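Student: Features from TrEMBL:
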type: BINDING; residues: His56, His142, His146; note: Fe cation binding site
type: BINDING; residues: Arg90, Ala91, Glu92, Arg93, Asp419, Arg423; note: gamma-L-glutamyl-L-cysteine binding site
type: DOMAIN; residues: 19-150; note: domain 'DinB-like'
type: DOMAIN; residues: 176-434; note: domain 'Sulfatase-modifying factor enzyme-like'
type: REGION; residues: 315-337; note: region 'Disordered'
Amino acid sequence: MKDLNELTHDRLRDHVAEELDRTRRRSAQLTDAVDDDELVRQHSPLMSPLVWDLAHVGSQEELWLVRDVGGAEAVRPDIDHLYDAFQHPRAERPQLPLLGPSEARDYIGTVRNKVFDLLERTPLEGRELVEHAFAFGMIVQHEQQHDETMLATHQLRDGPPALEAPPPRRAEDLPAEEVFVPGGPFTMGTSTEPWALDNERPAHEVHVDAFHLDAAPVTNGAYQRFIAEGGYEQPQWWSEAGWAYRNKADLRAPRFWFRDGGRWLRRRFGHVEQVPADEPVVHVSFHEAEAYAAWTGKRLPTEAEWEKAARYDPASGRSRRYPWGDADPEPEHANLGQRHLQPAPAGAYPAGEAPCGARQLIGDVWEWTASDFLPYPGFAAFPYREYSEVFFGSDHKVLRGGSFGTDRAACRGSFRNWDFPIRRQIFAGFRCARTALEG
Ligand SMILES: [Fe+2]
């Protein structure tokens, strides 16, 4: 994001329009890449049919922007319930009388035209929902989040490749395996980022003890040693819940990996290839991440540790928007936005390095943290309880930093994602931490 606090309302409107367009192009690429039959099919019980995501994006845009912000008449009130994620779990969605592919495209186009009309005439002040065009930013982020979900559906889909992208840049040398983050307070969360979501707010001071953090995410090569040395067969590395899940699901390796004689192969968006040793591991559950960390004698970082490593600038004492500073992410900073369909090798993006020396905190893979998804002190649900509040508790673990599939609009140093600890189809990896004995 540009510094939206500084923009005039006209410039803010232009920015919103650009972001809406850019986001819709991505949604179109993801859904135009396959035929109608594949759009309506459920590729995995874990996911919605792609055509559901597409119309759901339009449905949320209609609810929040057309009806609430614009005060306009409903476009399709008859279909609200079909696209309410709380009413129908993903496994049920293929049985619903969903809009077909061309109906869904027409519907989201109609909604979008109304949104462009109301963007021109809506005052961007006088109501919290429209200050700094928040509701528009929320809808941009929502669609980008579904674009990442749709990318995960593509990864689960069988058949020949439908999406292509060039590989990311090669790694640079990592100066050290671990970095040190001194103990002391830092500002966690934000009260000033205009499009930050309710769960990132408010800014508050947190004390973090000194710790060491892996300079880069754990690689496939390192993870293969865990497998080879029996990590999946040794309950001592696993929590009780993790071991039960490992047994129930018969886990032996990250999702999408399989053995071919003596080597590991993986399926990635329809391509079968040798697992690259230098790339961050992806498609592991929280439980696997936690077991690996225990096997190395370390642990997963807490959410506060992760954010301090990513945002704290010891020179100024303040928390920045991103590891590299306050500037919006550019291609040299991080592997974001589906420009590449895989993580970059560990050590890439030196320009995105945090003051502590850690790299790839933003982009490449979501990183599991040890923390449950809980409200910050002073949390207030906005604009609705179902955005975050209903998910708070010990059922969900926090993930940080975004992946190669995450757009820059839906990723920043304060951004919090959450999921079940058994989840493996998301683009999640991890790095390890350990408490410093002296600091
Ligand atoms: Fe949604």
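Using N, Cα and C of the backbone, Cβ positions are placed for all residues, glycine too.
Automatic, uncurated: that is what TrEMBL annotation is.
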Student: How far apart, in Å, are the two Cα atoms that lie farthest from each other among Arg90, Ala91, Glu92, Arg93, Asp419, Arg423, the residues recorded as binding gamma-L-glutamyl-L-cysteine?
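Tutor: So the maximum pairwise Cα distance among the gamma-L-glutamyl-L-cysteine binders is 20 Å.
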Student: Using Cβ atoms and a strict cutoff of less than 8 Å, what residues sit near the region 'Disordered' (315-337) while being 6 or more residues removed from its termini?
Tutor: 1-3, 168, 186-188, 190, 193, 203, 307, 343-344, 348-349, 351-355, 358, 360-364, 402-404, 406-408, 411-414
Student: If I take the alpha carbons of Ala91 (gamma-L-glutamyl-L-cysteine binding site) and His146 (Fe cation binding site), what is the distance between them in whole Å?
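Tutor: On Cα coordinates alone, these residues lie 17 Å apart.
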Student: Can you name every residue in this chain, apart from His56, His142, His146, with its Cβ inside 8 Å of the center of the Cβ atoms of the recorded Fe cation site?
Tutor: Asp53, Val57, Gln60, Glu143, Gln145, Thr149
Student: Calculate the distance in Å between the alpha carbons (Cα) of Arg93 (gamma-L-glutamyl-L-cysteine binding site) and His56 (Fe cation binding site), and round it to a whole number.
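Tutor: Spelling it out, the Cα of Arg93 (gamma-L-glutamyl-L-cysteine binding site) and the Cα of His56 (Fe cation binding site) are 11 Å apart.
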Student: Using all protein chains in view, find how many other C-beta atoms are within 10 Å of the C-beta of His56 (Fe cation binding site).
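Tutor: By my count, 24.
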Student: Could you check what DSSP calls Asp419 (gamma-L-glutamyl-L-cysteine binding site) once collapsed to helix, strand or coil?
Tutor: strand
Student: Mean pLDDT across the domain 'Sulfatase-modifying factor enzyme-like' (176-434), rounded to an integer, is what?
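Tutor: Across the domain 'Sulfatase-modifying factor enzyme-like' (176-434), the average pLDDT comes out at 97.
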